[in-house]
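A quick write-up on the structure given underneath.
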Amino acid sequence: MKTLLLTLVVVTIVCLDLGDSLSCYLGYKRSQTCPPGEKVCFVKSWCDAFCGSRGKRIEMGCAATCPTVKDGIDITCCATDNCNTYANWGSG
């Protein structure tokens, strides 16, 4: 009986710990668990000198809050696992 109770306690602790973490994409379909305190996934996109030939620059990751919007930078934030996909990834 004690073993069963101990097992239930351990499973509960593990499940609570796993439920508190967030995973975000950091690059092309490369996901990572966010550090403690970072509860938002984001995608930043902007044009640089090579935008015409290479497309927009993309930065992805985790943050404590949604990054501040600046001129010429598009930012999208979300708060579920791997929600910060990039539309141009396609289906491959």
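Quick reminder: no glycine exception, Cβ is built from N, Cα and C everywhere.
Among Cys66, Cys83, the one Swiss-Prot lists as the disulfide partner of Cys77 is Cys66. If you count neighbouring Cβ atoms within 10 Å for each of the disulfide-bonded residues Cys41, Cys51, Cys77, Cys78, the highest count belongs to Cys41. Within the set of disulfide-bonded residues Cys34, Cys41, Cys47, Cys51, Cys83, the entry lying nearest in space to Cys77 (disulfide bond) is Cys41 (CA atoms).
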